[in-house]
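Marked as domain 'EamA' by TrEMBL: 11-144. Residues annotated as transmembrane segment in TrEMBL: 12-31, 43-60, 72-90, 133-164, 171-194, 206-226, 238-258, 264-284.
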Amino acid sequence: MREAERRAGLRAGLGAYVMWGLMPLYIKLAQGVPAMDVLAHRIFWSSLTILAVIAALSRWTALRQALRQPKLLAWLGFSAAMIGANWYLYTWSVLDGRVLDTSLGYFIQPLFNTALGVALLGERLNRWQKTAIALALTGIGVMTVAAGGVPLVSLGIAAAFALYSFARNRAAVDALTGLFIETALLAPIALFWLLSQPAGLLGEPWPLPAILMLAGVVTCTPLALFGHAARRLALSTLGFLQYIAPSLVFLLGVFLYGEPMDPVRLAAFMFIWAGLAAFSLGGFKERKPRPAR
């Protein structure tokens, strides 16, 4: 691969993860709107935005082929439910002043992927992965003791996205077509919900209607950048870049929104960061070529 293409992929990947990391800034603009309404707007406007992109790129053939595959549609129906749950928990957490909970959820999500691989695919853990999961569980345990309860929102965000990733891995379809079918499956429910609310589809005080309509662009732009990056970067590079988003969310939660970060909570995050370091180091060693004998 040419160096210019790799650099273009790196810029696209950085752009995608930075946008995802700054997503709380956008969601906070809708403060005062119920989380379910924000979710419904995100689904509805995303489906229209992706439909416009499909039309512009003349991707109808791929869409028609996907719609003729019942097994594929079943997987996409499941992934739609999981991404809907993930988006709702994320939106609710941000609007409820729990930005750090979303950061924690995405920090531990790669470890949930590994756990799913063991539980559903019979994969075996290497010693680095075992260490990573043990450290993460310790961090979650510390946070549970400190908060007086299990961090259910963070675990829900991580579990929903891990299950979404698993389903999308099983669904043999390109990202654009898959995301359109997912949002199209949820869009009628979203529209029904919005029309049943007092504000209707666009009845919020200005400028909230414009902010909510932007949800489609805000959702689709980083996905498009990620798709561009995924075709040009090694998985190891993407694996490193994925920590940019929760790191930015963490910084926003602590320094912009002033969420509490007492020593015990910081210790919990440090256990999780140590687990991620072990996880990443293990992945690097697995990919490192062994000397010939």
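The backbone N, Cα and C atoms fix where each Cβ goes, and this holds for glycine too.
Where the annotation comes from TrEMBL, it is an automatic prediction and has not been curated.
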Cβ-based contact of the transmembrane segment (171-194) with the transmembrane segment (72-90), 3 or more pairs under 8 Å: yes
Contacting positions for the transmembrane segment (264-284) when only residues 6+ beyond its ends and CB under 8 Å are counted: 100, 104, 107-108, 110-111, 114, 126-129, 131-136, 138-140, 142-143, 145-147, 236, 239-240, 243, 250
Within the predicted model, mean pLDDT of the domain 'EamA' (11-144): 92
Secondary structure composition of the domain 'EamA' (11-144) [DSSP: H/G/I, E/B, coil]: 115 helix, 0 strand, 19 coil
Long-range environment of the transmembrane segment (72-90) - Cβ separation under 8 angstroms, sequence gap at least 6: 23, 27, 35-36, 39, 42-43, 66, 102, 105, 153, 156-157, 160-161, 163-164, 167-168, 170-173, 178, 181-183, 185-186
Highest-contact recorded stretch vs the transmembrane segment (238-258), from 12-31, 43-60, 206-226, CB pairs under 8 Å: 12-31
